[in-house]
Amino acid sequence: MMFQLAITIGIFVANVLNYFFAKMKNGEGWRYSLGFAAVPAVMIIIGAIFLPDSPSSLIERGKDEKAKQELIKIRGTSDVDEEFKDLVEASQSSMAVKHPWATLLKRHYRPQLVMAIAIPFFQQLTGMNVITFYAPVLFRTIGFGSNASLMSSMITGGFNALATFVSIFTVDKVGRRKLFLEGGAQMFICQIVITAAIASKFGVDGNPGILPKWYAFLVVGFICIYVMGFAWSWGPLGWLVPSEIFPLEVRSAAQSINVSVNMIFTFAIAQVFTSMLCHMKFGLFIFFAFFVLVMSGFIHKFLPETKGVPIEEMSVVWQNHSFWKKFVKSASEEANAKVDNSC
């Protein structure tokens, strides 16, 4: 979740810089906007030097003692024997799997495969990247001036960062499912209101006439509420939940799929958005509202609560789920099945 927070802070800082650079009278502001992108790149390089290995990674490379010291440092207590033992056993199980990609395709790992594809796919179809990538274009299209559109982008970026803090502080109290569902409902309602507001002023010909201030406040306000709904649900949880549900034996393959699907659809949405906006106009928000409804139904039906569940025990959660239990069998059931097959 800190990963998502860093992204939202970065977006907000970029929006602030773009707003002030746009005011440069010599027209050179775009060069500064582009050049400042080197700053986080340098921070990443320096940070990588001090980044420690995870206990699981150290165990897999046979550095058990160092792994235990890292675990003690992370937990802030020396009472980590039970957790360390679980990590060692999970690592031994994962090392027994020679082909994680083929293993992930097995029926037993069907929940992980579905989530690795569905969660990042739906995350991009919330429509949030439309706001992130094209907020100035979007605001100009619905009648804001150039500076006003950059200001609006800065405001929504600020709400995005602040709302991510809400998720960080509440996710272990209210749970993942509740945040997913609440955020979905919030985004859906906001998209319907924004659709109605744009449709009433622009219609299908795109000519709004003179836009009153109350209209500007209404649109920006509901876009901010929409952004907040994403920022404390699908934004951080789209990264958090996959990291919690993939067991070590298929973790590398599943996380690769998760990130790949995310990046592929990020690219796709970025490429088609402007064309969709030109052709669909206010219908674009209906398009994303439909998918928000679908993804909320998906979470309600298929995602179990993962709050407080260690990775090593996630298989039990799938076994107890009303739908996934038909795919994931317990150790005793698998043993009985082997006995039946041998007979």
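Keep in mind that glycine also has a Cβ here, set from the backbone N, Cα and C atoms.
Keep in mind that this is a model prediction, so the values were computed, not measured.
According to TrEMBL, the feature domain 'Major facilitator superfamily (MFS) profile' maps to 1-307.
The transmembrane segment feature in TrEMBL is assigned to 32-51 (among others).
Annotation comment: TrEMBL describes 113-137 (among others) as transmembrane segment. Note on the transmembrane segment (113-137): residues 11, 15, 18, 104-105, 146, 149-150, 152-153, 156-157, 160, 187, 191, 223, 226-227, 230, 234-235, 238, 241-242, 245-246, 254-255, 257-259, 261-262, 265-266, 268-270, 273-274, 277, 284-285, 287-288, 291-292, 294-295, 298, 302-303 of its chain, located 6 or more positions outside it, place their CB under 8 angstroms from a CB of the stretch.
Marked as transmembrane segment by TrEMBL: 149-171 (among others).
Annotated transmembrane segment per TrEMBL: 183-202 (among others), in sequence order. Cβ atoms under 8 Å from those of the transmembrane segment (183-202) belong to residues 126-127, 142-143, 208-209, 211, 215, 218-219, 222-223, 225-226, 228-230, 232-234, 281-283, 285-286, 288-289, 292-293, 295-296, 299 of the same chain, restricted to positions at least 6 beyond its ends.
Within the chain carrying the transmembrane segment (214-235), a Cβ under 8 angstroms from the stretch's Cβ atoms is held by residues 4, 8, 122-123, 126, 128, 131, 139, 142-144, 148, 152, 155-156, 159-164, 166-167, 170, 179-180, 182-187, 190-191, 193-194, 197-198, 201, 295, all 6 or more beyond its ends. Summarising the annotation, TrEMBL assigns transmembrane segment to 214-235 (among others).
If you look up TrEMBL, you'll see 256-276 (among others) marked as transmembrane segment.
Under the heading transmembrane segment, TrEMBL lists 282-299 (among others).
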